[in-house]
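Below: one structure, written as structure tokens.
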């Protein structure tokens, strides 16, 4: 046992040394790709539509990557980049300053970042008609990519494969998971699909919108008058959704957010304990005031590609990858990705989650305590609408407290799990759980992937 422990420590030291030696001082990025540690490529998913992916092999010093799961991370928006934000701001091996991240998931899983839908991050389209306009197209494109990936990387075909997601990425993950299950059953894709995790996910938009008023009122961010205003616009959103007027519902959703901003003095939709930091240059433009979609895009996509991250991705990272076309800039098409999905925003996918549960797919829902845009109350609301036969038994269970380590006395989360449904309440976290509570997010990932 002592010899094994020493070997692990030596391997870990060598691994950290190899990472550090790969960087020069300052912001320049000139590390050498380590054999078998990282690979990336494009896949043509449709005519005029190319999707970019980036794979990191797990770096656990005591285990081979084949002994650990493969996790695909899907960012939100739509239009948020997994290879950028998810990688360098949340779970990847390095942060935006290219410093090692202590809570990287790469210790316990190989990580596959995909810029999805097409037009996101380094993915791109050659014509405007090639942007995805609905979840069906998003899922179909991903099937093309996953088939290509698993066909080319057969070493991952038997490794447990999990899809983790965030925000709108969760809505896409639900649809992708269902299509992936079908493809596996039909034999068109070979992989060991083991579950999907929906993080602060836009599964039932109207349930989120309806919960905003009561949630903000309960934490003293709305008074009676403000609650009445928010509740009124939320009912208008509900009516539009019930009538199938999804584009109108999207416009009303944008209006609801403006009403909340005015009544809360600019609460941050991603963490209620902070205030939003608007882009004043954007807000001074005529387009910003005329278009609710532009305002929504400003709030829900542009914050995923701040100046530091954009400079990193379009500078050192683009130079490292070598395969990005000269005329493609990271994040340049993200606004078009967002706007193209306008009619899809407010459509619920509770039925898809229900189908996944019925098929026996492991489904995990996790949510940050301080999130507003997809608050926990709204998540709990749509979960209670599931037709899954085991829901009553799930509800009868008492949740269990979780701690980041055995010696900690501070509660970091709660979890409830029955058969193939689990729900995690992550404390002191906003919308981006791994960014806010990295240790707990890592522990949760290990629990979901059955490593704890």
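Positions of Cβ are set from backbone N, Cα and C atoms, glycine also.
What you see is a predicted model, and the numbers here were worked out from it, not measured in a lab.
Pulled from Swiss-Prot:
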ACT_SITE  167  active site
ACT_SITE  371  active site
ACT_SITE  431  active site
CARBOHYD  64  N-linked glycosylation site
CARBOHYD  102  N-linked glycosylation site
CARBOHYD  126  N-linked glycosylation site
CARBOHYD  192  N-linked glycosylation site
CARBOHYD  362  N-linked glycosylation site
SIGNAL    1-28  signal peptide
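Structure coloured by features recorded in Swiss-Prot.
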{"residue": "64", "record": "N-linked glycosylation site", "Cβ contacts under 8 Å, 6 or more apart": "none"}
{"residue": "102", "record": "N-linked glycosylation site", "Cβ contacts under 8 Å, 6 or more apart": "438"}
{"residue": "126", "record": "N-linked glycosylation site", "Cβ contacts under 8 Å, 6 or more apart": "48, 49"}
{"residue": "167", "record": "active site", "Cβ contacts under 8 Å, 6 or more apart": "75, 76, 77, 80, 199, 200, 201, 202, 300, 373, 374, 431"}
{"residue": "192", "record": "N-linked glycosylation site", "Cβ contacts under 8 Å, 6 or more apart": "157, 158, 159, 160, 161"}
{"residue": "362", "record": "N-linked glycosylation site", "Cβ contacts under 8 Å, 6 or more apart": "194, 195, 196, 420, 422, 448"}
{"residue": "371", "record": "active site", "Cβ contacts under 8 Å, 6 or more apart": "200, 270, 271, 272, 429, 430, 431"}
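A 10 Å cutoff on Cβ-Cβ distances gives residue 431 (active site) a total of 25 other Cβ atoms nearby, all chains included.
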